[in-house]
Amino acid sequence: MGIFSARLNQALCGPAWLWRPCSVQGFGLEGPRRPFHPEHSRFSPPRRTGSPSAAARPGPAPPAGPAAPRGAEVERRGRSRSRPRMAAAASPARELTQNPLQKTWEPYDNGLPAGHSAQRGVCMTNCPTLIVMVGLPARGKTYISKKLTRYLNWIGVPTKEFNVGQYRRDLVKKYKSFEFFLPDNEEGLKIRKQCALAALNDVRQYLSEENGHVAVFDATNTTRERRETIYKFGEENGYKTFFVESVCVDPEVIAANIVQVKLGSPDYVDCSNDEATEDFMKRIECYKNSYETLDENLDKDLSYIKIMDVGRSYLVNRVMDHIQSRIVYYLMNIHVTPRSIYLCRHGESELNLKGRIGGDPGLSVRGKEFAKSLAQFINEQNIKDLKVWTSQMKRTIQTAEALGVPYEQWKVLNEIDAGVCEEMTYEEIQENYPLEFALRDQDKYRYRYPKGESYEDLVQRLEPVIMELERQENVLVICHQAVMRCLLAYFLDKPAEQLPYLKCPLHTVLKLTPVAYGCKVESIFLNVEAVNTHRDKPENVGVDRSREEALRTVPNHL
């Protein structure tokens, strides 16, 4: 335990990082060097100058570092006698103030929020992460990149994808043939290198200047030399690098990927399917001779996940932090089996009729009629092995009961907790809590009800549902308005600002069918009338607005 404490103390108290010019071998990238050090991470609270020294602080002494030679001890003592140590001035205690929007306690300096508390997004990494895709063409790298980017953004980690193929298409307007990718095509090599350089420059700008947390570098990166170059780029800029390799030897999977994705590529706009398939197969051959897969021994010091045949098996090596573990967990849950996900709200409830939010009411007469119509609709779909999920609230369970099939209740699917505003109308909230009503309109995604939840909280709560939906095939989820908005935002890749305003009307089923790089949506209204519960964002969101301005977008109710 003593050795561990000593090493930990030495690691945390090492020299600070320095900014200096650098170049990345193989790309010629010039930029600042920023070796990572936990104490100086840009995601850590800034150190305050003038704080009391460890010796002056009350409480137990910090763990001792490695024992120094006797001579060094004498030398230190001599220096302290010749150069008197100045007493550290005690820094003023920072006040804690509750954020009125999110209801969280934050430190304030001189009446202003401390700088680190204003970080955008959910901070889960102590330094930016660079995800590097690896694999031959038609192995699902872009599919994985897009899904991973969508997932990380949904949970609040600012993430951006950088597809080198798109950089090439922007630079070379007209694609000719596979010969562009031949290893002895000097012009092609030069252009591809230039595109990789441009993409990495944009990666650095995003992670170092635009407050991004994760960048996904989507390219083949099939040689060990290229991966080493990218790793050094990440190291010199202070990024953690995580490799994701997709290996596929199943010819049926490769052929299906070519048909679904590559034939619709801008590269083959003027080609027949047969011509495009033949050219693309030759393009794959251009990479095969130089392809070096990630190796358990040669690459044992790298952090990576290796995915075989679209999830048949996995190899995971050196997962270094929380964000990498979440990436691994997510990638081990996704699949490409064709399926459909059906989302709908419960039938109209008694509180819906009165314009009241939350609560645990039963269905109205029209709500019960919808439940019967939903059962008929599901039977007509003739869905194989359909699973039905509900929340643990009465109105969703009543809706599922009419189906006459087994269903599973999920507590995490319960409606957003409105706290002190439960079972109130919007008019009553404006009357009793006008400030809260205005704050929610200013930032509906992050606003947290007093003693309740925010949409941001709800997204974190629903993450297990997303993981299970990715694992499953055909599922019907009977849920609530806020919950359905969060799930829909994930599948449609909607930003946080749009999420709370997605329209999810009562008595309407949304059928989601995952396709190559997105999701196809069909909206089916089951011809049972219901009240409108959707409220648009009002134009005036100021705290001093009039009652009429605050309630202008409130839907009609009985």
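The count begins at 1 with the first shown residue.
Here the Cβ of each residue, glycine as well, is placed from N, Cα and C on the backbone.
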Remark   = In TrEMBL, substrate binding by R345, H346, G347, E348, S349, E350, L351, N352 extends, among R312, R318, R395, to R395
Request  = Measuring Cα to Cα, tell me the gap between R395 (substrate binding site) and E415 (active site, proton donor/acceptor) in whole angstrom.
outcome  = 11
Note = Using a 10 Å radius on the Cβ of L351 (substrate binding site), the other Cβ atoms enclosed count 21
Ask   = Looking at the recorded positions H346, G347, S349, L351, which has the shortest Cα distance to E415 (active site, proton donor/acceptor)?
value = H346
Message = With DSSP assignments reduced to helix, strand and coil, which class does G347 (substrate binding site) get?
response = coil
Message = Assuming the binding residues for substrate are exactly those in the record, R345, H346, G347, E348, S349, E350, L351, N352, R395, what is the maximum CA-CA distance in angstrom, rounded?
response = 14
